[in-house]
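K.L.:
First the structure, then my questions, so here it is.
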Amino acid sequence: MGILTLLHQITHAMRQRSIASLISSLNTKEQAYCPYSKFRVGAAVLAIYSTVFLTGCNVENTSYPLGLCAEMTAISKAVSEGYISFKAIAIASDLEDCFISPCGACRQFMREFGSQWDVYMSKSDGSYKLMTVEELLPCSFGPDDLRKGKNPVGNSKL
Ligand SMILES: [Zn+2]
């Protein structure tokens, strides 16, 4: 076996172990605060160069629009801990027959931190569907686009 093949196999094994840990950390849905929807969601995000999984759950509010999704909670927690480059996020719910999919707002929230990272959408049995942020939000608007469109004059009516 060549050294490159061996390295590839080790990297693959590490990656699979990380994914397993990511999915298994999804008992975070147990913490969900969802007295209104009763729809529990948990998320765990894995930063690049890190083995730490930062988790989140949905947090609803009496004033419904103020509620937070699990994905946003997990990503915000990671950012507050100093991480802004991510390898993967995993999402879990109590859905048995379909994979939990991030809402449109969460897709844009993920996109802020890049489009080439992995999103594991799981079922309650632990099986998952893998897509990238780019696949979930094609032709997206991100930080680079905002820099391109700047007008040095600012408000052109002044
Ligand atoms: Zn969402």
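Residue positions begin at 1 at the first shown residue.
Glycine is treated like the rest: Cβ placed from N, Cα and C.
OK, TrEMBL features for this one:
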DOMAIN    16-144  domain 'CMP/dCMP-type deaminase'
BINDING   N58, V59, E60, N61, T62, S63, Y64  substrate binding site
BINDING   C69, C103, C106  Zn(2+) binding site
ACT_SITE  E71  active site, proton donor
K.L.:
Taking 8 Å from the centroid of the Cβ atoms of C69, C103, C106 as the cut-off, which other residues in that chain fall inside it around the Zn(2+) site?
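P.N.:
Leaving out the recorded residues gives A70, E71, M72, P102, G104, A105, R107, F109.
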K.L.:
Taking ligand 1 as the reference, state which of the binding-site residues N58, V59, C69, C103, C106 have a Cβ closer than 6 Å to one of its atoms.
P.N.:
C69, C103, C106
K.L.:
Taking the Cβ of C106 (Zn(2+) binding site) as the centre, count every other Cβ atom within 10 Å, in any protein chain shown.
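P.N.:
Cβ-Cβ neighbours of C106 (Zn(2+) binding site) within 10 Å number 24.
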K.L.:
Which one is it: of the binding-site residues N58, V59, E60, whose Cα lies the shortest distance from the Cα of C106 (Zn(2+) binding site)?
P.N.:
N58
K.L.:
Please name the residue among the recorded positions E60, E71 whose C-beta has the most neighbouring C-beta atoms within 10 angstroms.
P.N.:
E71
K.L.:
Return the count of C-beta atoms lying within 10 angstroms of the C-beta of N61 (substrate binding site), excluding that atom itself.
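P.N.:
N61 (substrate binding site): 12 neighbouring Cβ atoms within 10 Å.
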K.L.:
Where the distance is taken from Cα to Cα, which of the recorded positions C69, E71, C103 turns out closest to N61 (substrate binding site)?
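P.N.:
Answer for the nearest of the recorded positions: C69.
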K.L.:
Look at the binding-site residues V59, C103 and tell me which residue has the greatest number of other C-beta atoms within 10 angstroms of its C-beta.
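P.N.:
That would be V59, with the highest Cβ count within 10 Å.
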K.L.:
Looking only at C-alpha atoms, tell me how far Y64 (substrate binding site) is from C103 (Zn(2+) binding site), rounded to the nearest Å.
P.N.:
16
K.L.:
Among the binding-site residues listed here, N58, S63, which has the most company in the form of other Cβ atoms within 10 Å of its Cβ?
P.N.:
N58
K.L.:
What other residues of this chain sit with their CB within 8 A of the center of the CB atoms of N58, V59, E60, N61, T62, S63, Y64, the recorded substrate site?
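P.N.:
What remains near the Cβ centre is Y33, Y36, L66, G67, L68.
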K.L.:
Quick check: of the recorded positions listed here (C69, E71, C103), which one has the Cα closest to that of E60 (substrate binding site)?
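P.N.:
Nearest in space to E60 (substrate binding site), counting only the recorded positions, is C69.
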